[in-house]
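Participant: Encoded as structure tokens, here's the structure I'll be asking about.
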Amino acid sequence: MLLLPFQLLAVLFPGGNSEHAFQGPTSFHVIQTSSFTNSTWAQTQGSGWLDDLQIHGWDSDSGTAIFLKPWSKGNFSDKEVAELEEIFRVYILGFAREVQDFAGDFQMKYPFEIQGIAGCGLHSGGAIVSFLRGALGGLDFLSVKNASCVPSPEGGSRAQKVCALIMQYQGIMEIVRLLLYKTCPRYLLGVLNAGKADLQGKMKPEAWLSSGPSPGPGRLLLVCHVSGFCPKPVWVMWMPGEQEQQGTQLGDILPNANWTWYLRATLDVAAGEAAGLSCRVKHSSLEGQDIILYWSNPTSIGSIVLAIIVPSLLLLLCLALWYMRRRSYQNIP
């Protein structure tokens with residue numbers, strides 16, 4: 001656990017010293033997904049994230065990082081970045097080779113997939129907590145705590161054997177310790193400061209209503225869409241008047257391509273109960289001016305067609321009568 005210097009706390013948290021004062025991400029992690037098809041073929045994908053925002057990719061062909069933002073390097077120099085790329089490049093190649101060499105000993109049947117996540121997060125009081133977890137086929141397998149490999153209960157005896165093997169590589173464990181407890185915290189602080197303008201920026205949400213697939217006879221699925229907001233925390237609810245409507249279902253908050261967020265709130269109601277319902281959106285960027293959209297039954301396509309065709313027919317009829325009268329007057333001697 002690492003404590004932030006007081007000066008940096010003041011920069012990141014001008015309104016207080018808790019993580020809630022920073023309106024943006026508070027953790028960084030890298031994700032590794034290694035797929036093993038057989039004893040000679042493996043593929044690894046990697047990415048780096050600030051909470052749910054991806055800021056790095058990994059080019060497997062060149063063995064280099066892809067920086068998705070101008071400030072994705074944080075305050076690291078080009079030399080430091082190159083050294084880290086070399087560490088990850090050697091690790092990825094060595095990891096695949098070691099897994100394939102020991103797959104038979106650990107009774108791992110092809111094909112299989114190994115997932116890993118490692119990083120550090122900012123907690124209340126200015127503490128930074130580092131973590132590393134590994135999974136096999138989507139199930140917890142092991143973790144690293146205090147520079148020691150800890151097998152997960154779900155991993156059984158296989159995880160215990162793998163941890164015993166890993167702990168024999170003390171040189172590698174020392175590199176892991178340095179990356180987790182020194183490099184990651186320093187990078188996290190630097191990238192949060194470098195990307196502060198983007199990460200703490202506020203974008204007002206846009207909201208609109210639609211109807212979803214009918215849940216059943218005589219029922220409606222009301223959908224309230226909210227998009228384009230930043231930061232991520234948002235409150236959306238269907239309401240009859242000033243009370244929250246029971247049964248409102250919130251989907252996952254999903255990222256947009258421009259680093260804003262999208263959320264939809266749905267409500268299954270009887271068709272006769274939809275009138276008078278509204279969708280209310282609260283967000284810090286609105287400064288108390290909530291968005292309120294009232295539900296009204298959408299105009300049917302048939303009504304739209306009638307609204308266009310009937311006036312057109314009347315116009316044509318009037319033109320025809322005018323033309324016939326004009327012709328009749330011209331025929332009078």
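Even glycines carry a Cβ here, placed using N, Cα and C.
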Participant: Kindly point out the range from 109-112, 265-268, 329-332 that Swiss-Prot annotates with motif 'Internalization signal'.
Facilitator: 329-332
Participant: Name the cysteine that pairs with Cys184 in a disulphide bond per Swiss-Prot, restricting the answer to Cys120, Cys279, Cys318.
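Facilitator: Checking Swiss-Prot: disulfide partner of Cys184 resolves to Cys120.
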Participant: Cys224 forms a disulfide with which residue in Swiss-Prot, given the options Cys230, Cys279?
Facilitator: Cys279
Participant: If you measure from the Cα of Cys224 (disulfide bond), which of the recorded positions Asn38, Asn75, Cys120 is the nearest?
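Facilitator: Of all the candidates listed, Cys120 is nearest in space.
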Participant: Could you state the whole-number distance in Å separating the C-alpha atoms of Cys149 (disulfide bond) and Cys120 (disulfide bond)?
Facilitator: 17
Participant: According to DSSP, does Asn38 (N-linked glycosylation site) fall in a helix, a strand, or coil?
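Facilitator: Assignment for Asn38 (N-linked glycosylation site) reads coil.
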Participant: Which is it, of Asn38, Asn75, Asn146, Asn258: the one of these glycosylation sites whose Cβ has the most other Cβ atoms within 10 Å?
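Facilitator: Most Cβ neighbours within 10 Å: Asn75.
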